Structure formats: structure tokens, C-alpha cells
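Step one of this worksheet: look at the structure below.
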Amino acid sequence: MTGSISGEADLRHWLIDYLVTNIGCTPDEVDPDLSLADLGVSSRDAVVLSGELSELLGRTVSPIDFWEHPTINALAAYLAAPEPSPDSDAAVKRGARNSLDEPIAVVGMGCRFPGGISCPEALWDFLCERRSSISQVPPQRWQPFEGGPPEVAAALARTTRWGSFLPDIDAFDAEFFEISPSEADKMDPQQRLLLEVAWEALEHAGIPPGTLRRSATGVFAGACLSEYGAMASADLSQVDGWSNSGGAMSIIANRLSYFLDLRGPSVAVDTACSSSLVAIHLACQSLRTQDCHLAIAAGVNLLLSPAVFRGFDQVGALSPTGQCRAFDATADGFVRGEGAGVVVLKRLTDAQRDGDRVLAVICGSAVNQDGRSNGLMAPNPAAQMAVLRAAYTNAGMQPSEVDYVEAHGTGTLLGDPIEARALGTVLGRGRPEDSPLLIGSVKTNLGHTEAAAGIAGFIKTVLAVQHGQIPPNQHFETANPHIPFTDLRMKVVDTQTEWPATGHPRRAGVSSFGFGGTNAHVVIEQGQEVRPAPGQGLSPAVSTLVVAGKTMQRVSATAGMLADWMEGPGADVALADVAHTLNHHRSRQPKFGTVVARDRTQAIAGLRALAAGQHAPGVVNPAEGSPGPGTVFVYSGRGSQWAGMGRQLLADEPAFAAAVAELEPVFVEQAGFSLHDVLANGEELVGIEQIQLGLIGMQLALTELWCSYGVRPDLVIGHSMGEVAAAVVAGALTPAEGLRVTATRSRLMAPLSGQGGMALLELDAPTTEALIADFPQVTLGIYNSPRQTVIAGPTEQIDELIARVRAQNRFASRVNIEVAPHNPAMDALQPAMRSELADLTPRTPTIGIISTTYADLHTQPVFDAEHWATNMRNPVHFQQAIASAGSGADGAYHTFIEISAHPLLTQAIIDTLHSAQPGARYTSLGTLQRDTDDVVTFRTNLNKAHTIHPPHTPHPPEPHPPIPTTPWQHTRHWITTKYPAGSVGSAPRAGTLLGQHTTVATVSASPPSHLWQARLAPDAKPYQGGHRFHQVEVVPASVVLHTILSAATELGYSALSEVRFEQPIFADRPRLIQVVADNRAISLASSPAAGTPSDRWTRHVTAQLSSSPSDSASSLNEHHRANGQPPERAHRDLIPDLAELLAMRGIDGLPFSWTVASWTQHSSNLTVAIDLPEALPEGSTGPLLDAAVHLAALSDVADSRLYVPASIEQISLGDVVTGPRSSVTLNRTAHDDDGITVDVTVAAHGEVPSLSMRSLRYRALDFGLDVGRAQPPASTGPVEAYCDATNFVHTIDWQPQTVPDATHPGAEQVTHPGPVAIIGDDSAALCETLEGAGYQPAVMSDGVSQARYVVYVADSDPAGADETDVDFAVRICTEITGLVRTLAERDADKPAALWILTRGVHESVAPSALRQSFLWGLAGVIAAEHPELWGGLVDLAINDDLGEFGPALAELLAKPSKSILVRRDGVVLAPALAPVRGEPARKSLQCRPDAAYLITGGLGALGLLMADWLADRGAHRLVLTGRTPLPPRRDWQLDTLDTELRRRIDAIRALEMRGVTVEAVAADVGCREDVQALLAARDRDGAAPIRGIIHAAGITNDQLVTSMTGDAVRQVMWPKIGGSQVLHDAFPPGSVDFFYLTASAAGIFGIPGQGSYAAANSYLDALARARRQQGCHTMSLDWVAWRGLGLAADAQLVSEELARMGSRDITPSEAFTAWEFVDGYDVAQAVVVPMPAPAGADGSGANAYLLPARNWSVMAATEVRSELEQGLRRIIAAELRVPEKELDTDRPFAELGLNSLMAMAIRREAEQFVGIELSATMLFNHPTVKSLASYLAKRVAPHDVSQDNQISALSSSAGSVLDSLFDRIESAPPEAERSV
């Protein structure tokens, strides 16, 4: 202390005075216990203050002291105390080690950082080369944030643009990770990046990712921002089902666990900048506690928004000079960076056990928190020191034993000194001066990668420990003056430095600190290298490289990459090691190719060939598909021998050498020579005896070789003498017996050498037999293939026949053979053969064998002497044997392997198979090839035999070397962002679709092009009004014209010519608009705003920029003079109702405000005076254009057709309009059936024209009916029917169906052969009558698997007294869905028709009928999802006898109805929709003021609307129930309420403001106790009685019928069936004024995926019928979807299916209009659906889309399959958004991200393409293009006659109940439109 400062109190006063004087505090504000940061002391203030204190106290005071002692009291106490001993932290007490301290091995790493760093090796090179990746932000990165308001633009301009950025962050291999493009677009690119890098890290570790499936593998991923998620959610209209998972931080870890199916912990860690090092710490803990057995620790960081840059800029944290200068005096902040790193961790003992490469060992780690330090973001030196001590205690290591620390080192003026002081205090002090602690920071190379910073430093340190070198810390020139490096015994590594020699393993630490105060430190140590055991590392002579990928293109890319690597960085890696890693440390993939090579040169050449898809020695390209099961070994006869065969196999294939050695004794005994010596010496076999014995010995050894690699025969076939080897392999003979047979045969034949010959002819058998007819000594000896035969006979005659064949230009050649068997010359040898082999005792074969000795292939030969005597004489029926094997009744075989030294039969085999089974897939292989490398050839053929998975290869000892990881095939995936005004995609200008204007320079000397871009949104249209056509908003033609006219004006033009309107612009969803002017052409196009760059643009209008302003003005005046004067006989008419005229033509609304002042019409002219609004901006042309275009279309009021603009010859602009009134003069120049042509002039009264259109052509749209209507309308045309909600209401009218009834006398008895399975109640009687009708019935489910017809007779009684209607429905539903599942899995060529029988549901009087009623709804959905197996549903009368119904059912089965039929008194009725017409029977609904009304589901969106509707009708008391309770009323004002709760509360308050008392009750309406409690409570309180009910409760769960489960069905049926039954019992008929059941049209329309929901709603329909018959005003309202509300709010599938049928959803206003209308009629079930335009109006039926585009029946089978594959590939690729050429026909759709919505869309397109109805589960049952094409080929191909009737019936129907109803309404009799 100095004299002026004598102690702690003086120092405290001095500090207070200093702050008051220099910081600007008042004495009252200075709290000695408040942190200095809170008192306003900044980092730079601390530097100045430390200098003042150093001078005052005469000792060094560091700015760091202010962070260690952050208050005035703490700092004063510290500075007044004696200085601590410099070595006080030199040692850390070593704790006892235990299992929780077990070392952790780093076994794999992967990384992606800027600067082209894509792997750890690239990072190491980058660091050693002292490179930096820092640059300015890529231009496109912040584009979405530019062009905003001035204050935003100014802030962005002031934000630093320095950073370390990854390129192409929008690139991702979505296909590889089985993610659809749509989902990938919404995924945070951090998720995508981590997926790829994690896969690379696992491959680097040598762990095939597929092997981790369902393992206890943990994922710990550090990440701290999801800027992408924020960007994606900025535009609410773009939020979809993928958005939440795409933007959630947790999914960064979870998605990796999901993709790899990992079952260990999956945790996203956010501790800001220390996230990834904390992730490593948590991973180590999880391994030590055995929560997981393998851990993947990661960190990822991307910088997408300038917001965080701006925030750090504001606190001075970012370097203005763009460099991280850690520990340097010029440090001025950090630079933000991007990247990702992943490490794979195991317990060290596990890694050693598994032979893994141990890159480094984690000895210990620690994590702690700053707590309340000198500010939330301020570092705490004490906490940093504490985490260091804890880490080294955990590691069991003295701090002085660490050699290097990878510091956090951000490069800030005070952050660096604080960290250095902590490191020096704990780790540096006590070291020798010549052995300082070395420190550095990777941030000086890569910037601060924040959430990935810890793992970046960790990977760098592991690499340094591995290499024994430490890369330099960049930008370190002058030490930071606030860091006493010498005192702290520390040194910054400023050059490439060899690791210090310390006598112990290399050791290092890694630090990382989060800006919120979470600190982490990890201690690592050099790993011990694992070497193979001595003698086990010998390289094989030949290596097989398996190159795998998910597609052929990926295999090609991987092969090319490997070839490049092996010639470059991997040149020193042994070929065997490369093969080892590829074959045993990479995941199996669907496609793979192989390369067999003896040396590196051969391997590289093979890889290049594989990459190019070319053939080369040793190369097997990926198979296009599997040939199917079943392997046949084919043993050829003589002719395959060659000198040198087998020699290399003896040397390099142990299994072959062992087989030869085992065979050698018996071989020598029978042959008299050594097989081993002949093969080993490469000797030539001479003479028939040597040749035949040598070949069978070779064949038996080759068989063992194949079997040693796991390829074993399921069947064997022998060709001629090859049948001996086949018999041995089959187990009929021993090898010794086989050799004996061969020796005997060859010895007997030897004397005949040279006495006969054989010839191979390119002729089929009949032709050959005709050829040799004149040569009795010549025989057809071998049936080789359909095009090849072999003849045998005297040599001279054979030569003459060869000459004859060659004269016909056909192939013919002598066979090189000593003795010709299979001809009469063998007759003399047969007795001796029988005699010498008489004692042969063959066994029963253990492997199947087809003998080629007999013409009858079903002969089961005994391989005795007689057989072998016959074998040498009879012809060889090889062709027949192969054909039988390839198409046998017991199952076909698909892989044929010729066991020989050279292939003789492979071509004959494949010719035979393809001839017998065209289009089937087979493989025919040899074994060896003459004069080639035996081992390479065999291994190549071995690889060809493996088409499903790679062949087994030897697994050498570990460890394996790393090789390059999987090459990615990136495509762009990014959201369509909502740009600010003024930027690309800005909102269009008022009245036009023009947006931002860009001038595009051209290469040539031609003028520049011009581009205007805008974003059109439904809620921000550029015109004030609306313009709806059939309820769909369409951009008016006037706006389109105004757009291109305005663009022309900007370019100096005032006229357009050759205007052509091509497509309307629908404004019901956002679209991107582009206007392009190129030279004199101008066009307007649009595309979906939510699409991708590959989406198709639709062109809407084109035109030519024509005349100069002066030209157009003169032409305009001339045109006005010619057309603007009305004729003398013109007269002024009454002004018509413009809105009515437009409505008659289907148009609702005007886009601009203008009115008609006068209307003067004559024969061909019309002059209309129009008034414009006074507020119209001067020069606005839009309203004038709009008036002109609309009025021109109405130039003939008597013509009620709709006219749409088609073209304009010329349109010119003149002077601007200055007054509010103008006149539009229309001169009709042409009028025909196709349309009208009009000249138009617009001018202010008495002024020159302002607008002229010459030859404005309109095209007429005629709907085929008169759409004009009288008052009231006598009939309804399609336009009004689609717009007037009262026309939406229909009942179901049951009309007689012309189906023959076999019960009528004289009915023809028809026999319909085919098995029938009958399931359910009272089936015996039905069986008896069906059997009499010619069917083959089977009771219960015995015959379901083979039945052509399946009849399900529904139960009528519950299973027990306690079974409720819900229980009953769930039970029966489960039975039927299981039945559908079974039938759907049957082959397409074995179709079945499913029928369901119910009783009494039509009337629903009996309780049993009500119980069964749900089946009607389920039936419609089965019909929609599985039209191929649906027959129909028949409802019998409640007392009908099933036995009597049998004959009628027999007739129905013959032609499935696809519908619901009702049979009463012998008459069959079918449903049709009938509109509700006539005089109402009831008055409008009025509620009683003294009653209450119950709405179940009343707190939902629909329920609250219905509550409002009842209030409009006088209801004063409402009881609203819902499953979720509202909060207490005292909490209704809380800001914490979510949006949905707030909406409900606001709606209730609005009702209460109207004087309505609302009682909101939480109750489960399906629970009888809940409803009883509600009613009991009301009774106790004396509440008003409930006089009306709306049952609106319900939930849905979209599931295909084949996927429905009992639990899911119960969940849906509970509120509907259970709830309605409870209410029915509580409020019996007569107790209420009305009982409305809000059901769904899904119950009758058959919407796919709505099985449970449709079934539940059909029950409501039946209950309404039942109560109505009891006199209660009960109505079931079968709605289509309410637009944007209720259960269909997000049901895209429902909307798409409605659109497919020609219908649509309805608005709430339309719904209530329809409700009020139908409530006046006596209707129990009202179907509320907008009807489509009548079928046949355009000459086609409602299902014209099902007309086949091709006549499949006239096409060949192969052509059908090819056409189907091409068409389906195109359809599926378009929906999945993948390039068609990249869609592998064998790739499962699920791997491409197929979901149910996509499947439905594909199904619709496929139906149009194929021309038949298809199942909803089609894509899931046939999950590849190839399998789907094969399935459909069976559906469309001709069938046998016995199936024709059924197949046509199954495929010709419309398939959906909705289609059927829409069809029938057109044929409904007049009485159907009766008053109901």
C-alpha cells in the first residue's frame, strides 16, 4: 500500500470516488456490493482503471482482477490482501479412480468447415498451411433482409460482414437420407449438415451405420440457434406439417437418432459457445454410466441472419478488422464462423476389444457455471479455474502433466487475459521455464464457430496428438500486454511445433466457454496404436473391393472417387487394406459393384470402369435387380479343359487346394495319375481317359470352392458326362464312385477314338431332325437350346451336314472330341458298362437333380449301372432340363452356375430360359475362363452370383485404415422466404401485377431485357374488390392487361399488338409473378410461391410492344371516329342489373369500383356511360380496362353464355382520363357459336379516346344447359347449383336396380364356378344355396386365401351383455379390416370380391340394425381404397332368411355392384342423391327463450359457430361441452393463455355480450357418467331444461383400412357412436324439440383414409332414421368439409379427394344457409355437398378420367411392362420431386420420403395413365416402380376366359360411392325431385 491508501476502507473510498468522477455515477448510485458491470464499467474502462490502480498501489493490477473480484468490496479486499504464492495451484489432489472415470476412446471424427474442409485430414492440412477461412458474407446470404425500410437498411449497412462461411449451405443429399424434397426444404440446414457429417464420422470410425440399428447409441449435439426455423415461420402461409420438426432445436439430435434407429439418449445441447464441448462431456458420462455403448458427440453452427451479428456488434464483441487475433496485443474481437464437427466415442476397453483405431483417449472432463459474475455475458476467472481443477482431478492427472491446451481464445482484449490467467494459475505455474504450457486457438483459422467451437478445437487437438505436432496460432505477433506469459509459464504456439518430448504420452486439454457462463474443459491423451498380431497381417494375393451405394449413380460416383484417391492421397495404403475397409467397415446398400484385382493398377482400372459403367476384367457392375431365389449348379461334359487350369486356385484359394488334397488318394486310385500334379504343373490333359477324369476332379474341387464362399446348390443338372459330377454333388454317389463311373466310361470309349464325330448346329430340334432324316447313322445327340442342337455320327456324314447348314448362312462347326457319345455306336459298349458297374449301390440324392438322360424329366433315376449305360447312349435333353428348372411347378430356379474350367453352356442356358419365360430375370454364370487368371475370374463370377448382398470376403485383423467417405449427391433445398417490400418477390403495385424491375444486360448488341417480379398473395391482391369464378378467385383480365400495358409504358411504348390470353391466374394461393420484356415481346408467367426453382412456370399472356406514342395517338383517334358514333336508330335502354348479369355467368364481384350511368344498345353496338370513384388516382387505367373488358363480354345481353378473353389484335393508350365519367363504346364485329369479337373505345365525354381495343375476341364457355334463371328458378343449372347453398342439400333416394332376382319364378339358373368363403352369422344355410348355384362355398375363413368371393355376414347381436355399441363396432371393424388386409396381400392374378351383408340398416328400427349401421360407412371407404377387391354391401330385411337369399346372392356375385344395395321383397334398390325440393313442411327454427340448448363439441371452432347460430334463433341459454376444460374465469385475462384458448374465451364473451348465458362444461360425451353428472347438477341447480341438442363432438384419425387398429378405431368411434348413444338414452324421442347430429359425408362418399370416421358417421345417420320414425325431429347432417374449420381444417387429403370427384368444401355461411333450408323438410339424413357440373355435358361421363389412354390388350407382355415402368416412373418422380432419370426402379418409395398424401396423388395420376381404378394401398403393397409395374401389368393384361367376367367387373366400376352417386343423379327419374 502507498502512503495515501492505508487499507481496504481507503481503497473502497478511492474506487467510489473514481466511479463518480470518471464513469458518471452519483454517490447514491454506487453500491459497493453491486457488480462493476452493473455500475457501468466496460471492458475498456477496466483496462484504464487497472492502469490507475497499478500506479496508485505500486503493483501490477490486471483488468482480469475485476472479473475475479467483480464488486467494489470484493476488489478492495483482494487488492488490500497480500499477494498469493505463485505456486499455490501447481498441484491438484489426485482422487481415487473408479469405473465412472473410465477412459473414453475417440474412434472416429468428421467435420465440415469453411475453406474447403470436408474431413479431419483436410482440416489438418489447412491448419499446418497457416490458412484462414475468413471472408465477407456471401452476397446471397443476406439477400432476404435487404431492401427493407430505411432504418433497417441503415442498421444492416452498419453490421459487420466479416465471417467464416460454408459454401452451398442449401445443398443436401435428401435422397440418401430418405427424406422427401418437401420435408428437406423445411429442415434447418444444421440438421442436414449434421446428418452428413455424422455419417462421415461413423465411416471414419469404421462403423457401418446400419449396424447401429436399435443399439444403445447416444447422440449429443451442440447447437445454439435455429435461424432457419425463424425464417421459415416468418411467412405463416408457408408453414406446413414439416415446419415444426424442421425448425426445432431438439430435432438436430433426434433426426440422426431417427434415421439410424438409435435407442440411446438423444440430446440437443445449448450452452452457446461451449455447446459441443459440453456435448462431449455428457457423452462421456453416458458411456461411463452405460446409458449408451457408443456415443456420437457433435456441434453445428450456421449463420443465416444478420440479427446476431448486429447484437454482438452492439456490444463491441466482433472484430471490425475481420480477424481473430487470440492472445495478441491487437486483439479487437472475434469473427463468427460456421461449421460442423462430429466425434465417435467408445469406452476404451470396448474399443480395444473391437480392434478400433483409437485416435485419442479422453481421460477426464468437467463442466461448471460462472454463476452471478460481473455480468451475464462476462467471464468468471474463478469459475474457469475451478473447471480446470475439476477436469484434471477427474482425469487423475497432475495439471503440470498436460503439454498443450487448445484455448477458447476468442481474441477479445479482456477475454483472452482472463482465460490465460486461469490457465496459467492452474496449469502453468510450477513448470520449468524451459517447458511452458503451450496454448493456441483454432479460431484464428476458422473464426468462432460458436456451438461448433468446442468440437472444432477438440478435433484439432486430437489431430495434433496423433501427428505429434502443434499447428501455429495465427495472427500472433505481439503478446497481449495484460497476459504475463513468463510468470504464468505459458507460450503461444506461433509456428509449426513438434510435440514436446516429456517421457509420457502426449496430453492436452481443450477449453470452451459459453457466453451465458457454462464452462467446459476436456483432457485427452495420445491413443495406443493397435497392431495386428504377428503373421496375421499378410495381404491376400487377390483383393475384392465392394463399392456400395443406394443407387447405381452413387456406386459410380464412389468408384470414381476411390480411384482418384488411390492414385493420390491414398497411394501408400495397401490394396488389401482398402478392400478391408470397404468390405467390412461400410454399410450395406441396395446397389453395389465389385472389383477384383491382384494389384493397385488393376484395381484402379477396375474402379474407373465401374465408375463409367463399363465392362472390364474383374469388374461386376451393379445388378439391375435380383433374379430371384434358387441356385442350380450345371456340370458340363467334356471340352472345358485347358493347360494351366486351377494352378492359381491351388496357390491362392485354400478351399480349392483342400478339396484337391482330399480327393487326391481316390483320384490316383481310379485315374492312375495325380490331379494335384497336373494342376500345379499346368500340364495338358491328353486322351479321353485323362480328360474325363481330370474334368470331374476339377468340377468336384470347384464345387467345394463355391460352397466355401456360401454359394450352394439347391438343384444340380449334368450335361452328358457332367451328370456323373452332378450325381456326386447331389449325394447319390460318393466321389470314389463317381470317379469309378467316369474311369469305366472313358476306358470303354477309348478304343473308339477317331471313329465318329459331333457338330454344333444353329438349328432348332425340328429343323435338325428334318435335316438328318436322310442320314440314318446320324442322330440328334444333344438338345442344347431352342436354337442349338448337336448331332453325332460318322465323320464323313457329319462334315456333309455341316456344309449344308453353312450353305444356309447358319452356324455349324465340328465339336473337338475324340469319341462321339449319344449315338448308335454306343450300343456295343452298354453291356460292358452294365457289367463293370453292376455292384454300384447309389443312394437317394440329398440335393435335387434333374437328369438329362431321359426325355421324361419326371423320371426319378436310380444312378446305377443301367443308368450310366443309358446316359452314354441316349440324347442329352439339356434344353428341356434347364427349361423345367427355370419354370418348374415346384418353384422356379433363377441362378445357374456352370461348374467347369471354361464356360460351354452359359449362353445355351440363358437362351433356353428367356425362350421359356420371356421377361423373367435369370443369371447364368461360368466359373473359370480359359487362359485367364483363375482366381480373378472365379472371384468375378462369385461376385456376379451375389445380387442382393455383397459376397463374403475374409476379415483381416484390425485396425482398418480410413478411406474417403461417401460422396454426396447434393440438390438445393431452401425455403421460399417472404421478402420485404422492394426486394425480389415484393408485393405488386396497385392495379397491376408488376413488382420490382430489373434490367438484364444481353451479350449481343441487342437492347437489354427487362424483368418485373412480384409475389401475389390471396390476402393482398392489387385490386380492391373480388373476382370469383365458381367460388374461386381469379385475377381479372383487366388486371393482366393493365400489367403488361404499364410495363410497356415504362419502356416508352403505348400500344400492344397480338395479345394472346393463354391460362387464367388463380389467386386462391400465393404465386410468384414474372413479367418479361425481351426485344419487342412481352409475356406474363407465374409459378407457385411455395415451390422450388424446378417448378414449372405457367404462361398466362403474351403480346408484342408495337407503336410509338405519336403513332398510337393518331390511330386511336381514327378508331374512335370510326366506332365511337352510335347509329341513328340507337335507343336508350333500362340499365340492367350488372351483378345479376355477371352472376348468371358464374362471376361474382368486380375487382374495381365503377357503376353504369346509362345503357344504350342496338343490334351490334352498345354505348355505356360509366362513373368512376372520385378518389381515383389521376391516370389510373385499371378501372377503365375493367369496365371495358366486362362490358364487352355483355355486349349481347340475351346471350347468357360465359365469355372469356382470348385475344386482342391491338390495344392502344391515349390521353389520361381526368373526369369521373367516361363512355365505353362497343362495336360487335363478329358473333358465332364459338364466341364474339368486339371493338372497344373508352373516352371521356366530348374528349379524345383514352383507350382503344381492336378485335377483342372472346371465347364462349358453354356448360351444356341454359344457365339463365327465372324468379324463382324452375331448374338449376350447373353454375347456380354450385353457388347457391340451398342446392347443396340432398337426400338419398333408393331406386330400383335392374339386377336379376333368381328367386322369381322362371329366372334363369346360371352357374358361376368359383370358391366362396362365407364368414359370420348363419352361414350354413347360405352355403347350401350357393353350392346349388354352382359355387364352391367354404364356411368361416377356411377358404379366404383361395376364394374368389368372400361374403361377410355381419353379427346381429353383441358378444355379451356388457358389449356396448362402440365395443361391437370395434370388434367387427377389426375383423373386417383384417379380412381386407389378407385379401389385399394376395397376388393381382388371384383377385377376390368382398361382400358384406347387413340386416335392417335401411330402416334402422331394430337395435341390431342400428349396431350394424356403421358398416355402411366403412364399406364406402373400402370401395375407395381397394376397388380391386370390393364387391358391394347388401342390406337384407331384418327377418329375411339367408338360405332363401342364396340364389339372389349368386346373381349379385357375378357382377359386383361396388355400391350399397338394399333388398326388400325381392327388389334390389340402389342409392342416388336427390335434391330437396318442394314446399317446406316446417317453419324456420326458433328457440324457446326459457329453455337451454346443448352443443357437444361446443368449445371447438364449429361448435362455437353453431352456438352463435342458435343465438341468432333466440337461444338465451347454451350448454357447451368439450373434452378440455377452460381455465377459471378469474384467469381469462392472463397474457399467458394460448391462442386457441383465447379464441374460445373471446367467442363466449361475444355471446354473453348478446345476452346469452353460456355454461362451458368439461365432459366426455361418450362417458355416460359424465353426461349423467352434468344433467344431475343442472337439476340440482334448478337450471332451465334442455330442449335441443346439437351433437358436434368428434375426432378423426386418418388411417388406411389395412392399417387400422382397434385402439385407433375406438378413439374415433367413442365420441360419435358412444356419445350419440348416451345422448339418445338421456334424451329419448319427445323430450327435446330437435336433435341434430353433425355427421360427415365421408360416411357415404368413401374418402380414402377416413374408414373409422366414415363408419362412426354412418351410425349417426342410422340413429337419425330411428328417432325420426319415433316422431322426434332428428336430423343427421352429412357435411363435406367446412372450409378451414373443424376436423377437416388440415385435411388436405379430403380436399383433394373432393376435388377429384368434382366437388369442393363449403364455407360456414353456405353451411348454415343449407341447414336452415333443409330444416324445413321432413328429412332424417341430409347430404350437404356442392354438386359438380353434370356428367356428360362435354360428352364424357363423370368418370371419363378412367378411360384408358392405351389399349393394353393388344400389346405384348414385355411392351406392357416397359410402358408401365416408363409412365409410372414419370408420375412418381414428378410427385416426389426427384429427376426422372435418377429414380431407381428398384428403390423403395419409403426411402424417397413417400407419405400418404403423395401416395393418393400418385394413385390419381396412375389411374388416369393406366385406365383402371387402383387401390389406396397400392404403393405400399408394391413399393418400387418395378414391382408396381409388374402388379399393374397383371391387372391390365388379358386373363383366361374363366376370369374375364370377374376382372372386368372388378375394374370397370367407378369405385367410390361418391362417383356412383354422382353418376346416378343424372339418371334419376323425375319423381326423385319430389318434396321430401
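Numbering starts at 1 and runs along the chain as displayed.
Cβ coordinates are placed from backbone N, Cα and C, and glycine is handled just like the others.
Features as listed in Swiss-Prot:
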- Cys273: active site, for beta-ketoacyl synthase activity (ACT_SITE)
- His408: active site, for beta-ketoacyl synthase activity (ACT_SITE)
- His448: active site, for beta-ketoacyl synthase activity (ACT_SITE)
- Ser720: active site, for malonyltransferase activity (ACT_SITE)
- His1027: active site, proton acceptor (ACT_SITE)
- Asp1186: active site, proton donor (ACT_SITE)
- 1106-1115: compositional bias 'Low complexity' (COMPBIAS)
- 9-83: domain 'Carrier 1' (DOMAIN)
- 101-526: domain 'Ketosynthase family 3 (KS3)' (DOMAIN)
- 997-1267: domain 'PKS/mFAS DH' (DOMAIN)
- 1759-1836: domain 'Carrier 2' (DOMAIN)
- 626-950: region 'Acyltransferase' (REGION)
- 1102-1130: region 'Disordered' (REGION)
- 1130-1267: region 'C-terminal hotdog fold' (REGION)
So, three-state DSSP: helix, strand or coil for Cys273 (active site, for beta-ketoacyl synthase activity)?
helix
Please report the Cα separation of Ser720 (active site, for malonyltransferase activity) and His448 (active site, for beta-ketoacyl synthase activity) in Å, rounded to an integer.
77
Three-state secondary structure of Asp1186 (active site, proton donor) from DSSP?
helix
Quick check for the class: what is the C-alpha distance, in angstrom and rounded, between His448 (active site, for beta-ketoacyl synthase activity) and His1027 (active site, proton acceptor)?
55
For the C-alpha pair, I'd like the distance in angstrom between Asp1186 (active site, proton donor) and Cys273 (active site, for beta-ketoacyl synthase activity), rounded off.
60
Per-state residue totals over the domain 'Carrier 1' (9-83) - DSSP helix, strand, coil:
47 helix, 2 strand, 26 coil
Can you tell which of His448, His1027 has the most other C-beta atoms within 10 Å, given these are the active-site residues?
His448
List the Cα distance (Å, whole number) between His408 (active site, for beta-ketoacyl synthase activity) and Cys273 (active site, for beta-ketoacyl synthase activity).
9
Over the domain 'Carrier 2' (1759-1836), what is the model's average pLDDT?
77
Treating G and I as helix alongside H, and B as strand alongside E, what does DSSP give for the domain 'Carrier 2' (1759-1836) in helix, strand and coil?
56 helix, 0 strand, 22 coil
In whole Å, note down how far the CA of Cys273 (active site, for beta-ketoacyl synthase activity) lies from the CA of the residue listed as 'active site, proton acceptor'.
54
How many other Cβ atoms are found within 10 Å of the Cβ atom of the residue listed as 'active site, for malonyltransferase activity', counting all protein chains shown?
23
These are the active-site residues: His408, Asp1186. Which one scores highest on other Cβ atoms within 10 Å?
His408
Excluding near sequence neighbours, so keeping only residues 6 or more apart in the same chain, what lies with its CB under 8 A of Cys273 (active site, for beta-ketoacyl synthase activity)?
Cys224, His408, His448, Glu450, Ala451, Ala453, Gly454, Ser512, Phe513, Gly514, Phe515
